[in-house]
Amino acid sequence: MFQTLYSYFWWERLWLPANLTWADLEDRDGRVYAKASDLYITLPLAFLFLVVRHLFETYVATPLAGLLNVKEKIRLKATPNAVLEKFYAATTKHPKQADVEMLSKKSGCTVRQVERWFRRRRNQDRPSLLKKFREASWRFTFYLIAFIAGMAVIVDKPWFYDLREVWKGYPIQSMLPSQYWYYMIELSFYWSLLFSIASDVKRKDFKEQIIHHVATIILISFSWFANYIRAGTLIMALHDSSDYLLESAKMFNYAGWRNTCNNIFIIFAAVFIITRLVILPFWIMHCTVFYPLDLYPAFFGYYFFNFMMVVLQSLHIFWAYLIIRMAQKFITGKVVEDERSDREETDNSEEEEEAAKNGPLSNGHPVLNNNHRKTD
């Protein structure tokens, strides 16, 4: 049964154009071609990335945070309360007003004390500023190095300047050592991101991040199987071109360098929109959708690859919407904030006194003004 599934999965009509077989991509005359077995190395490399990341965050990012004066806010701890803790862990972290009143009676606390307890308890679970800085530093370092390496791999190639060269001779296109390592490192890194996503800082777009990582892994793997390597290197370098800017903006934000953060963010927003909403759909996707049809009839691999590109492009549009919202805040004089993360909830007597004057509370905030902004 396994052999039958294996033969169906690697059926040549799924992966290659008509009249071509896997035999056509066998190494010969000193020319080396991509093979599915090459990707086995990415899993151990992914775990190696996790080890390197731990060492980097401990011995590089942490001292750097000290140099940049990254300071953690003092968080007031919630006093131990078995009734409230049980509700917090088993039911919800954000109780409704009726739940707050019910818990007040059960725990013997006042309504305001229950609201304050949940506010402090939620803050305890939020990741520390140092954790956020360390993660951003690691991603910044990788994306910057990957972008430089990616440009070095493709800048001297003819298909970097003429996209029709991407398909010249396809699929009989031999692989260069630089392309091999660029693919292996990029794919290994995204595997490591997927493995660590549960322990990393969780953002509002957590589900979208998972979809993005899975779609990226599938795209990179499939482009390797089907020998779409030239197109794949262009797409990976294009994505890395803006990612390191976002991570550097986060680092300066955590360090309190607001003006530097805002300036870098504006550059990032411009690069992101140009690369993801202009170059990718109107150049790269045009290249992958239309140019191949001049050489061979459409086949499953052609449809699958472009479908996954559409999935990625949809995510880009979603993130561009968030970026534009943040850019609008910047233009109107508000602080640029990451729309994907929760803000630290304040816990002071002045807020509570003002809230008491304004009317009933919901989780420590006035019911009619409970739209919290998000920040990173």
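Our numbering is plain: 1 for the first residue shown, then up by one each step along the chain.
The backbone N, Cα and C atoms fix where each Cβ goes, glycine too.
Keep in mind that TrEMBL annotations are predicted by a computer and have not been checked by a curator.
Taken from TrEMBL, the feature DNA-binding region covers 69-129.
Residues or ranges marked as compositional bias 'Acidic residues' by TrEMBL: 344-354.
Per TrEMBL, the feature domain 'Homeobox' maps to 67-128.
Looking just at the domain 'TLC' (131-332), the mean pLDDT is 91. What TrEMBL records for 131-332 is domain 'TLC'.
Under the heading region 'Disordered', TrEMBL lists 337-376.
According to TrEMBL, the feature transmembrane segment maps to 39-56 (among others).
Per TrEMBL, transmembrane segment is recorded for 140-160 (among others). Outside the transmembrane segment (140-160) by six or more residues, the chain places 56, 166, 168, 176, 178-179, 182, 185-186, 189, 230, 233-234, 236-237, 240-241, 243-244, 247-248, 250-251 with a CB less than 8 A from a CB of the stretch.
Under the heading transmembrane segment, TrEMBL lists 210-229 (among others).
Residues annotated as transmembrane segment in TrEMBL: 264-284 (among others).
Feature annotation from TrEMBL assigns transmembrane segment to 304-324 (among others). Remote same-chain residues near the transmembrane segment (304-324) are listed as 205, 208, 211-212, 215-216, 218-219, 222-223, 226, 228, 268-269, 272-273, 276-277, 280-281, 285, 288-289, 339-340 (criterion: CB distance under 8 Å, separation of at least six residues from the stretch ends).
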- Going along the chain, which residues at least six beyond the ends of the transmembrane segment (39-56) come within the CB cut-off of under 8 Å? 137-138, 141, 184-185, 187-189, 191-192, 195-196, 221, 224
- Give residue numbers and ranges for long-range contacts of the transmembrane segment (264-284): same chain, 6 or more residues beyond its ends, CB-CB under 8 A. 163, 231, 234-235, 238-239, 241-242, 245-246, 248-249, 252, 313, 316-317, 319-320, 323-324, 326-327, 330, 336
